[in-house]
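The block underneath contains the structure these notes are about, expressed in structure tokens.
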């Protein structure tokens, strides 16, 4: 079973398979590769394209060379249900594809005969087709199929060759069916190409619609939105108006003023975030528009759960490990706090663990720790916590003082003092005395404290995430009422501080409000009424206090005060200012004698300005004489 074809006499057809990776093979391939349409190159593999080329050439040449009267197919066509295989002649090259039955694997003798006959057929077929058609029979790498089959045949076993031949037959049949399906697909795609372009055009039009400048809706549409608002459309309109107001001169609609856009934005924000008109107007005066939206969004999300380690009973490291063992996921609160922990999630109630009941920690907001850090109480000092409930700041001061000295914890609400008593007992605080007085009476009750902490009652505009009712139930009267109470409490707290204290003489004023009326106005009033000055709080972060707000101007030292916001610091809104009292004397208010001329009477009165939410004049009748 020797070779019948001498490989030394074979004519070279191209670089061959061994030269596939050689440099410069690409230029050689261009000389040998046949021109194939783009559709076939995309849909057919190299072997399939080779078989298709053989079949096309065979269909064109077989009618001329085949003399058998039994098979006379038309040029380029095959009988129905038959497929021509490459490398065979006459009726033997046809098989019935409709039957779909696989040919059984031939025996070894039949394989040898088929191999010999195939090699003879290769030579004869090459002689019949001539050298002109050989260029179309090369594969992607410049080698023809005959040489490839011969080279592969040298290395394959008989059963492998039989399997390869069977695959060739199936591939030839698949090529025919794939070509028919391709033609059908092309016919289907051709009429659909029009609609696809239309869809693209529609898409382009839609993009153009989105890029059109925003136009304020008419009044009728505004009324309809107020009755049944579409929140998605309202939110989109908010974003559009904010974008226009950032570059109002270039993007505004002709004939529209800024006030119209602001009024529309105010109504949309009130609708989307459920705020009252008064509070939203105050917030729009306080924040830039882009920051305002961030603040409103932050108020919709609760602040992280934080706790403070009670160093009177444990260390933060030991507490964290104990809580982690109970299934609590936590981290240190931040570099600014040595005792705080932030809790992400917990498999146990964080307010009912054995560690909590044993007084190892206190649930406390991150912003509530800052005033105590600013006050910085020292050991063996006398401290006053004027509004102490529920006792978080009081216990923090006690642990900083290591249960030394004296803390007077006062609150005007007797019901809230019950929680203070419970927390102090649980946390092991022993240096605190609890009192129930109105803070405005405190200089008369007791004074001479080294340090005073005043966490004044406020409107709660910094803790809207905890109490959403603040959005709608606050008005201007509430703000002014709080501001008036805060001024009275602050003056009483300043009078309770001993300016001659060797270690102290400090007072910290704080609120959980972000309103200027409750913060900078109150502090500026105290600077005018008492011998105090503002000093740095000692906090490394937070925004500076305002020295000017709208038409009002405040003392320049208010820059040392600190503001905290939920959208920038991820904690409740807070204001902190630290005073240093340098004299126990109280400056006298300026008085003016004014002559009032009435019909028949001349009255001499003394006028004194009392700074409250609105400036009032207290008139005292001194004497009256007839005209």
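Even glycines carry a Cβ here, placed using N, Cα and C.
Annotation source TrEMBL lists region 'Disordered' at 1-204. Per TrEMBL, the feature compositional bias 'Basic residues' maps to 10-22, 44-57. Taken from TrEMBL, the feature compositional bias 'Acidic residues' covers 108-122, 130-157, 178-190. According to TrEMBL, the domain 'SAM-dependent MTase RsmB/NOP-type' annotation covers 295-582. TrEMBL lists 512 with the feature active site, nucleophile.
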(request) Please report the number of other Cβ atoms within 10 Å of the Cβ of residue 512 (active site, nucleophile). (result) 23
(request) Could you break down the residues of the compositional bias 'Basic residues' (44-57) into DSSP helix, strand and coil, giving a count for each? (result) 12 helix, 0 strand, 2 coil
(request) Summarise the model confidence on the domain 'SAM-dependent MTase RsmB/NOP-type' (295-582) as a single mean pLDDT, whole number. (result) 94
